[in-house]
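First comes the structure, then the notes that go with it.
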Amino acid sequence: MSSLRPIVILGPTAGGKSELAVRLGEALGGEVINADSMQVYRHMDAGTAKPTHEQRSCIPHHLIDCAEPDRPYTVSNWLDSAEACLSGMQHDRKRPIVAGGTNLYLKSLLHGMFQGPGTDETYRASLGEQSSQDLHTRLADIDPPAAERIAPADRKRIVRALEVHHLTGMTITEHQSQWSEDPDRPYRYDPVLIGLSWPTDAINARINLRVKAMFYPHKFDELIAREVCIGGRSLPEETADLEARGLLGMQAREALGTKQVLEHLADPSRFTLDDAYEKTKVHTRRFGKQQRTWMRRFRGVRWIEMHPEISPGEVAEQALALIEAAENDDHASH
């Protein structure tokens, strides 16, 4: 029913998605589904900008702290869980509010996962004697983007990617690109997309402030530090502890900030903590730019023009008006 159309919030990192999700949830009787690939991990609190404990106490949040950081967690894992959440919310008459900045998660939700051709058991058997690392190397020659996305230990996905190429002569990356960018295919779930559009200078300033609070929370007042470092530790402290305990798997190690702190820990005299801090700012700003680029590729987004003086309440008011307009348009078209 239209009253339960999911709300999908798009926006760059540090752009205010979590705050808006909570306010919309309170106003619409909704629950939040996380779509950030690093907020799924337990123990990784200081560098992932998870919603605060206060925000999570206001309305239910799903798919946060649902995976161990030393284990792979795929887009398919997330989508299966997100679809189960959507089904449960529809049953309970709760409005789904999807918030997060991971492009592949959002694309999989809106378009579904590429299914591809059937299987070839003879071909699969021919790969059986080869190690996962050898197969991953082979995939890197055929389809470098897929090899970057798929961990060398994820044999199932490596074999599937090789199989798709064997059966069709096209890489799985090419198939997925055609699938996700078909302009005529409607979104699944009939969502309302709300986008937060920030001027470059303003969002970069917010990113710099967030990264500083993650690395050096003692330089901020208690409230800001608590909101950014919800686990009570700085990002360097948390990363050093998780690394010492062997809890950082291949995917978790790639988190912005975590990766740079690990580089510092490997050779502190060559790469200082301040070096890690500065590099994290650069890479996070670059990531924010990438997010702003791919957000513009989604169709039908209703944009809110953000600026430093706009309050969270004003953002929520605009979003609610856009949602009402979208649903009125939907009723009129029927």
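Cβ from N, Cα, C; glycine included.
Within 10 Å of the C-beta atom of G16 (ATP binding site) sit 22 other C-beta atoms, taking all shown protein chains into account. The annotation ATP binding site is assigned in TrEMBL to G11, P12, T13, A14, G15, G16, K17, S18.
In this structure, T13 (ATP binding site) belongs to neither helix nor strand by DSSP; it is coil. As annotated by TrEMBL, substrate binding site applies to T13, A14, G15, G16, K17, S18.
For the region 'Interaction with substrate tRNA' (36-39), DSSP puts the residue distribution at 0 helix, 0 strand, 4 coil. Per TrEMBL, region 'Interaction with substrate tRNA' is recorded for 36-39.
According to TrEMBL, the feature site 'Interaction with substrate tRNA' maps to T102 (among others). Annotation for T102 (site 'Interaction with substrate tRNA'): spatial neighbours A35, D36, S37, criterion Cβ-Cβ under 8 Å with sequence separation of six or more. Look at T102 (site 'Interaction with substrate tRNA'): DSSP puts it in coil.
Summarising the annotation, TrEMBL assigns site 'Interaction with substrate tRNA' to R124 (among others). R124 (site 'Interaction with substrate tRNA') falls within a helical segment according to DSSP.
In this structure the alpha carbons, written CA, of G16 (ATP binding site) and R124 (site 'Interaction with substrate tRNA') are 46 Å apart. You'll find the Cα of G15 (ATP binding site) roughly 45 Å from the Cα of R124 (site 'Interaction with substrate tRNA'). The record gives T13, A14, G15, G16, K17, S18 for substrate. Within 8 Å of the mean position of their Cβ atoms, the other Cβ atoms in that chain belong to G11, P12, E19, A49, G101, L196, R206. Counting in whole angstrom, P12 (ATP binding site) lies 41 from R124 (site 'Interaction with substrate tRNA') by their C-alpha atoms.
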